[in-house]
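These come from Swiss-Prot:
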- 52-135: region 'Zinc finger 1' (REGION)
- 52, 55, 129, 135: Zn(2+) 1 binding site (BINDING)
- 182-421: region 'Zinc finger 3' (REGION)
- 182, 183, 384, 421: Zn(2+) 3 binding site (BINDING)
- 266-342: region 'Zinc finger 2' (REGION)
- 266, 269, 335, 342: Zn(2+) 2 binding site (BINDING)
């Protein structure tokens, strides 16, 4: 049984992960972008007529080799983990490590020497399959066309993010599908079949991944105030790349942009994906920010007071505490109160599923059910494809050129659905004007 999200898996496939990271940088000079193999691969993957390379890889392998039932169990467990993981750079990295572990385990004769390389698989393929389109989700035949329309919107805006603009003839009002019953979540708790496996208080936690993430990003502008203590760096940056943006193509932002002391890759969301105590710690911090003063003091000032007075003694892990302390007040404000993608990550993530090590016998029984598609149709905390699509294209439209009418229509629909799903953020227009 392959348990996802483990540091040991990352080190086991270090050579393959290094190849993936090498092809996840922006080129050092803009004039070389057109010939950059990683960018060409990424652009092609985002065209509306392209196929999913992960789906094609799996189909090819299964057609040539009949895998054991354990393959479907391991793959479905990874899919469940991705369903409850935040959409972040760290999630893409860990999923890439887990995916190649599954392939090498169940298809040992397949050639994986260039598994992560241009014209094979790169970060965008992991993102599209496991996080953006979620090809593994069980889908009703009645929803196929509407889902395809949402996929078109996502890839159009992601491609625009990569190139800098959306095609001039694009009309959001025509492409958008209004749906009064966007999702059918009546309960926001995990069903007993999942909670009995992952939510027991006495379960051991997997090692936290935050030190590795800090190490990989140490030379870039992300986490720039944090010092990596690694004596043996996990990864060394190649030459002729944009060091400041780091290996940013592993992130759905497809770049590292900066605005008003914030970045398009949220450091606190990366903490959620890499540290088992991050969500509880950040919830405590948010509560402290909201309740520390009774007067009408701005949120930014409240955050400033808490950071300056060193009121973070409740954080036990020194590395996590340092990362939070080194965040700007704007980054904390953006994460808790402004950014719709951050809000979705907070609401949809299950620390228990990501970081707890279940009882093997109980997990084996669960995986047999997962392999049939059970529990893979939705995230029980929140599962709204329309809201997730709007959040994604909103983030893309912050940095790529779109028409004014299109931008305002996206904001309007995003605000309406955020309110419907009780996503507590400021108006999207405000966020778009002040933060990355």
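Glycine is no exception: its Cβ is also placed from the backbone N, Cα and C atoms.
Sequence features, as recorded in Swiss-Prot, placed on the structure.
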{"residue": "55", "record": "Zn(2+) 1 binding site", "DSSP class": "helix"}
{"residue": "129", "record": "Zn(2+) 1 binding site", "DSSP class": "helix"}
{"residue": "135", "record": "Zn(2+) 1 binding site", "DSSP class": "coil"}
{"residue": "182", "record": "Zn(2+) 3 binding site", "DSSP class": "coil"}
{"residue": "266", "record": "Zn(2+) 2 binding site", "DSSP class": "coil"}
{"residue": "335", "record": "Zn(2+) 2 binding site", "DSSP class": "helix"}
{"residue": "342", "record": "Zn(2+) 2 binding site", "DSSP class": "helix"}
{"residue": "384", "record": "Zn(2+) 3 binding site", "DSSP class": "coil"}
{"residue": "421", "record": "Zn(2+) 3 binding site", "DSSP class": "coil"}
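Excluding 266, 269, 335, 342 themselves, the residues of that chain whose CB lies within 8 A of the CB mean position for the Zn(2+) 2 site are, in sequence, 267, 268, 272, 331, 334, 339, 341, 345, 346. Ranking the binding-site residues 135, 269 by how many Cβ atoms sit within 10 Å of each one's Cβ puts 269 at the top. The separation of residue 384 (Zn(2+) 3 binding site) from residue 52 (Zn(2+) 1 binding site), Cα to Cα, is 22 Å. Per-residue pLDDT, averaged across the region 'Zinc finger 2' (266-342), gives 95. Taking every protein chain shown into account, 129, 421 are the binding-site residues, and of these the Cβ with the most other Cβ atoms within 10 Å belongs to 129. The binding-site residues under consideration are 182, 266, 342. Their Cβ neighbour counts within 10 Å are lowest for 182. Within its own chain, residue 183 (Zn(2+) 3 binding site) has 378, 383, 384, 385, 386 as residues 6 or more apart in sequence whose C-beta sits under 8 angstroms from its own.
Cβ-based neighbour count (10 Å, all protein chains) for residue 335 (Zn(2+) 2 binding site) stands at 26. Rounded to the nearest whole angstrom, the C-alpha distance between residue 342 (Zn(2+) 2 binding site) and residue 421 (Zn(2+) 3 binding site) is 14.
When the Cα of residue 269 (Zn(2+) 2 binding site) is compared against those of the binding-site residues 55, 129, 135, the shortest separation belongs to 129. Shown in sequence order, 53, 54, 56, 58, 125, 128, 133, 136 are the same-chain residues outside 52, 55, 129, 135 whose Cβ sits within 8 Å of the Cβ centre of the Zn(2+) 1 site.
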